[in-house]
Amino acid sequence: MPGVCDRAPDFLSPSEDQVLRPALGSSVALNCTAWVVSGPHCSLPSVQWLKDGLPLGIGGHYSLHEYSWVKANLSEVLVSSVLGVNVTSTEVYGAFTCSIQNISFSSFTLQRAGPTSHVAAVLASLLVLLALLLAALLYVKCRLNVLLWYQDAYGEVEINDGKLYDAYVSYSDCPEDRKFVNFILKPQLERRRGYKLFLDDRDLLPRAEPSADLLVNLSRCRRLIVVLSDAFLSRAWCSHSFREGLCRLLELTRRPIFITFEGQRRDPAHPALRLLRQHRHLVTLLLWRPGSVTPSSDFWKEVQLALPRKVQYRPVEGDPQTQLQDDKDPMLILRGRVPEGRALDSEVDPDPEGDLGVRGPVFGEPSAPPHTSGVSLGESRSSEVDVSDLGSRNYSARTDFYCLVSKDDM
């Protein structure tokens, strides 16, 4: 049956042309497998390997292993030939083809591996480095702004603690320190940022022990700011017992704020400065530079982070202490007018020493009529007092005296 025996083999491997790039010194196995028609009148199949179209001699760089399996009905035989190639020189590279009964299907092409391309890796590394640099730049530029936003949004509120001042400022009684405190520190913190300061140029810790006045004043303030100038450091307790004094201050107030100056960095031999740098985790150490005078400098942002969170009031709601009480005392009303010296001016703080800031109009109260100067103080004293509604007023004890801030104001 020569027609049956002439049927072309069915190649299983390679199913298509393959390109391999083995490195020098490595080895690779090329597998050629096919189903071949078998029969009593068919010759035994044989596999022949070709390299670049020429018969390949076995030996040297090559090794050959052949296997065959016959079907149960003896109609086909599975022929497999595995060519082992040792890539020891560049002469081994080329196109390898297996041929069965002078019929070949696909080939293996061995190519020399070119130099490894590191372009992708270099580009990826540069992108990662650029991203890290950008993140570091954003952290340096925006860190304080993000911290300020977080403090304003989620910081601890320290309003209803009974304290009158946001910070106690201790400084030396010398012209330079007075100018710094009164013309730079106080205007920036009080007028621009709404804090209330208590200024004191007396010795903070005479004989390294707090005085009675200091204890009282610190109890009225939420923070302690020390202007650590050269004149301040010249005090006796700063040179001889600063460690003991610092321990006393840490007992009296939370995380005191020390303002140092750039000129002191050149001479860090003072024991107080060395001690503060060693205990940065217990205190807030700020550095004043020549460029810190601008309102947008990082110095003021760091000071604001160290000070309590400020609560912004809505002026339309007025004083939260009296907004629900309709507290209009008839003793202050003379013939439907407000006496001189008690005009309801919403822009003037009626309690400048207190902690409520500028009060707005009382909730539900009509605006005060424009004041006329026709009534003098002497005439006011001689006028009759309108007491017609005294009996209808509630004079019971006030229960909301210390509820200065409602939840809506937070």
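Note: Cβ is positioned from N, Cα and C throughout, glycine not excepted.
The disulfide partner of C32, as annotated in Swiss-Prot and taken from the candidates C98, C142, C174, is C98. Of the candidates N102, N217, Swiss-Prot records N-linked glycosylation site for N102; the remaining residues carry no such annotation there, which does not rule it out for them. A C-beta separation below 8 Å, combined with a sequence spacing of at least six in one chain, links C98 (disulfide bond) to L30, C32, V47, Q48, W49, L50, S81, L83, S104. DSSP states for the domain 'TIR' (163-307), grouped as helix (H, G, I), strand (E, B) and coil, give 75 helix, 27 strand, 43 coil. In the predicted structure, the domain 'TIR' (163-307) carries a mean pLDDT of 89. In the three-state DSSP scheme, C32 (disulfide bond) falls into the strand class.
Secondary structure of the domain 'Ig-like C2-type' (9-109), assigned with DSSP and counted as helix (H, G, I), strand (E, B) and coil, comes to 3 helix, 60 strand, 38 coil.
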